[in-house]
Amino acid sequence: MERIVTPAEMFEDGNSELSLRPQKINEYIGQDKVKERLNIFIKAAKNRKEALDHVLLYGPPGLGKTTLANIIAKEMTGDLKITSGPAIERAGDLAAILTTLKDYDVLFIDEIHRLNRSVEEILYPAMEDYALDIVIGKGAAAKSIRLDLPKFTLIGATTRIGMLTSPLRDRFGVLCAMEYYDENQLKEIVIRSAAVFGCKITEEGALEIASRSRGTPRIANRLLKRVRDYSEVKSNTVISLKEAREALELLEVDNQGFDKVDNKILEAIIDNFNGGPVGIETLSYFIGEELGTVEDVYEPYLLQKGFIVRTPRGRIASDKAYKHLGRVNNKNNNSNKGQTSFFK
C-alpha cells in the first residue's frame, strides 16, 4: 500500500493533476527564482525567434517539474512530448522520438539520470547541433549519416543530479533547483485546487492541510481530496480547520506531515542505534526499505525539516527528533551539526 504522503506520483494523481496544472508561468505558485529566470529566458528566446536553451530541473519529486515543462512548451507555442529515462531502452527509441519533433517543441525526459550510456550519447549532437548521427550497415561497410533535427528544447528532470554524467549535465544551458514550498505557498495552492474541485474551504482549513503536506504540492492536492471526501460524508459544506484536522488525524498524518514510516525511521535511529550515527544502508535494511527509496523519498524531507543530520559517519537524530517522539536526548553528539539539506 502506497503512502498518502509519498511525493512520488500515485495512480490516483494522474487525472486530477492534469486539471490542477496552471497553464501560464504567472499562474504558477512558488519557485519564484526559477520562474523569474525562466520567464526572462523564454521572452529572450521568443524575441530572437530561437528555441529555448535546454533546461535541467532538479530536486525532490512532486514539486512541479512536469508542470513547468508543460508551461514552457505552451509559452514557446510548441508541443510537449513526455518520456522517462527508464522508458528509453535503446538508442533507436530516442531517435524515433527526436525525429517526430517540430521547431519549438519540448521533449521532457523524467528521471533523466537513468538513461543508459548508449542512449545518452545520441543526445549529445542532438542537444549541441540539433543533429542526429545514424550508423547504417555493419562492419567495414558501415557508414554514418547526419540528419538535421528541428530546433527543440530538451527538459530533463532528476531527483539525483549527482548521478548525471558531466558531459550530459554540461550540455544544459539552464539549471534550476526546485525547492520545497513554504506553508503560505501551499495554502494558496490548496485554495486554488479547492476552487477547481468545486469545494469550499476556509483559510484556516487550507493552512492546516498545507502544514502537513511536507512542502510538496502533489501531497497537498492529494490530502485535499481525502479531506474533501471526509467533509462531504460528514455533510459539511465548507472544509473548516476542525474538519481538516479530524480528516488528517484519521489518515494518520501528524502535525509535521509525518506518517508511520517517517516516525519509524526516527525511532530506529534513536531507539535501536542510540541516536546514531548509523549508515544509510544499515538504516534502509533495518526499516525494510530499498536504499534508493530512503535516499530519494524519505530522507530529503527529514533533512530539510532538521529531524536528522547527515554526517561523514552516518545519520544522526537531532534534538527535534527526540522532542517529536517524546524522548530525552542524553547524548552529547552535536546532533544539530552537519548537513541538513539533501541537495547540497
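Cβ atoms here come from the backbone N, Cα and C positions, even for glycine.
Remember, predicted model here, so these are calculated numbers, not experimental data.
Swiss-Prot lists Leu20, Arg21, Gly62, Lys65, Thr66, Thr67, Glu128, Asp129, Tyr130, Arg171, Tyr181, Arg218 with the feature ATP binding site, giving sequence analysis as the kind of evidence. Around Leu20 (ATP binding site), the same-chain residues six or more apart in sequence whose CB sits under 8 Å from its CB are Arg192, Ser193, Val196, Asn221, listed in sequence order.
All protein chains included, Thr66 (ATP binding site) registers 21 other Cβ atoms within 10 Å of its own Cβ. Sequence annotations record features per position, and here Swiss-Prot assigns Mg(2+) binding site to Thr66 based on sequence analysis.
Feature annotation from Swiss-Prot assigns DNA binding site to Arg310, Arg315. Under the three-state DSSP scheme, Arg315 (DNA binding site) falls in the strand class. The number of other CB atoms found within 10 A of the CB of Arg315 (DNA binding site), across every protein chain shown, is 26.
According to Swiss-Prot, the feature region 'Large ATPase domain (RuvB-L)' maps to 1-181.
Taken from Swiss-Prot, the feature region 'Small ATPAse domain (RuvB-S)' applies to 182-252.
If you look up Swiss-Prot, you'll see 255-344 marked as region 'Head domain (RuvB-H)', on the strength of sequence analysis. Here the region 'Head domain (RuvB-H)' (255-344) returns a mean pLDDT of 85 for the predicted model.
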Item checked: Residue distribution over DSSP helix, strand and coil in the region 'Small ATPAse domain (RuvB-S)' (182-252) -> 51 helix, 4 strand, 16 coil
Next item on the list: Between Arg315 (DNA binding site) and Gly62 (ATP binding site), find the distance joining the two CA atoms and give it rounded to the nearest Å.
Entry: 24
Next item on the list: By DSSP assignment, list the helix, strand and coil residue numbers for the region 'Head domain (RuvB-H)' (255-344), in that order.
Entry: 42 helix, 10 strand, 38 coil
Next item on the list: Among all chains shown, work out which of the binding-site residues Glu128, Tyr181 has the most CB atoms within 10 A of its CB.
Entry: Tyr181
Notebook entry, point to check: Which of the binding-site residues Thr66, Glu128, Tyr130, Tyr181 has its Cα closest in space to the Cα of Arg310 (DNA binding site)?
Noted result: Tyr181
